[in-house]
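Undergrad: Take a look at the following structure, please.
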Amino acid sequence: MASRKYFSIVIYAFILGAFANTAFSSLSRDYYDYSCPNALSTIRSVVEAAVQKERRMAASLLRTHFRDCFVNGCDGSILLDPSPTIDSEKSAVPDFQSDKAFKLVDEIKEAVDQACGKPVVSCADILTVAARDSVVALGGPTWEVRLGRRDSTIASRDAANANIPSPFFSLSELISNFKSHGLNEKDLVALSGGHTIGNARCATFRDHIYNDSNINPHFAKELKYICPREGGDSNIAPLDRTAAQFDSAYFRDLVHKKGLLRSDQELFNGGSTDALVKKYSQNTKVFRQDFAKSMIKMGNIKPLTGNRGEIRLNCRRVN
């Protein structure tokens, strides 16, 4: 009898402990309300000032957040510099705009730690919130960011090369890639709308403008002045005609076969995503709503919570 009672108590304690661990490990909108009530306003003010000074900063932050979440979850691993123990993701699938984002995250981290009085907010949360605020700064939608991510103590260049979508992907490859991260075709199209801001290097769209047939010939001709067959790899072109403003021009460009990247135009090329692209091209409100929903979904990919990971003192290296 006594042994049964003891067994019941042990099982109850285990279940209660598991429940508590789940409850306290989950993300929440008010995670920093008590530990650092000024955290979000501090992030927003630094981002707004940076984007006002250089509007391209918004695209840099948004892209870096995408890359971070697609490697191994939104854990800030993309921010780690190379070291004897860190196989940095910064050298994988290079993005010419990321360096600016890394520097801005450092600036935000310093400001937030000062506002909090100590390191309380993770670099992963800083990047996630900063991406949202950068979109808002360019006239895009806002959304609720659930907080409580912790920072990874590892990075993987191989994982970055394998998991970050390529600008040369076909539609089937894009769908497969997003599905592997728990994202569906609607998420794929909505999140691709993030290309309504920013630029791309010649090296990423040269093959599309010279070798593909699903591109407006006049558009391709204009781009060839920027991007010759040889050389000029770092020359840049806007991802859509209003690259400094968050709007639905990106989708209207796709409908007219003016997608800058092959992976962009693949979304409107006689496949399963055509209808949604056309819908977004005609209804900006629906695109904004779906983009916000998909950003929330992406931002919740495999976060480190509870006792996993750490709160970095410096976003570029582990403690």
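One is the number of the first residue shown, and numbering goes on along the chain from there.
Every residue gets a Cβ built from N, Cα and C, even glycine.
TrEMBL feature annotations, pasted as is:
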DOMAIN    26-319  domain 'Plant heme peroxidase family profile'
DISULFID  Cys36-Cys116  disulfide bond
SITE      Arg63  site 'Transition state stabilizer'
BINDING   Asp68, Val71, Gly73, Asp75, Ser77, Glu89  Ca(2+) 1 binding site
DISULFID  Cys69-Cys74  disulfide bond
DISULFID  Cys123-Cys315  disulfide bond
BINDING   Pro165  substrate binding site
BINDING   His195  heme b binding site
BINDING   Thr196, Asp240, Asp247  Ca(2+) 2 binding site
DISULFID  Cys202-Cys227  disulfide bond
Undergrad: Whole-number answer please: how many Å between the C-alpha atoms of Glu89 (Ca(2+) 1 binding site) and Asp240 (Ca(2+) 2 binding site)?
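TA: With the alpha carbons as reference points, the distance is 27 Å.
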Undergrad: Cβ within 8 angstroms of the Cβ centroid of Asp68, Val71, Gly73, Asp75, Ser77, Glu89: which residues besides those meet this for the Ca(2+) 1 site?
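TA: The answer, listed by sequence position, is Arg67, Cys69, Phe70, Asn72, Cys74, Gly76, Ile78, Ser152, Ala155, Ala159, Ala160.
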Undergrad: Report the residues of the chain - excluding Thr196, Asp240, Asp247 - with C-beta within 8 Å of the mean position of the site's C-beta atoms, for the recorded Ca(2+) 2 site, in sequence order.
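TA: Checked against the 8 Å cutoff, the neighbours are Gly193, His195, Ile197, Leu239, Arg241, Thr242, Ala243, Gln245, Phe246, Ser248, Ala249, Tyr250, Phe251, Asp253.
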Undergrad: If one looks at the chain holding Asp75 (Ca(2+) 1 binding site), which residues at least 6 apart in sequence have a CB under 8 angstroms from its CB?
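TA: Asp68, Ala124, Arg149, Arg150, Asp151, Ser152, Lys302, Pro303, Leu304, Gly309 - these are the non-local Cβ neighbours of Asp75 (Ca(2+) 1 binding site), listed in sequence order.
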Undergrad: Could you check which of the binding-site residues Ser77, Pro165, Asp240, Asp247 is the closest Cα neighbour of Cys69 (disulfide bond)?
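TA: Nearest by Cα distance to Cys69 (disulfide bond): Ser77.
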Undergrad: Determine, using Cα-Cα distances only, which of these recorded positions is closest to Cys36 (disulfide bond): Cys74, Cys202, Asp240, Asp247.
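TA: Closest by Cα distance to Cys36 (disulfide bond) among the recorded positions Cys74, Cys202, Asp240, Asp247: Cys74.
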Undergrad: So among Arg63, Cys74, Asp240, all listed as recorded positions, which is physically nearest to Cys227 (disulfide bond)? Use the C-alpha atoms.
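TA: Spatially nearest to Cys227 (disulfide bond) by Cα position is Asp240.
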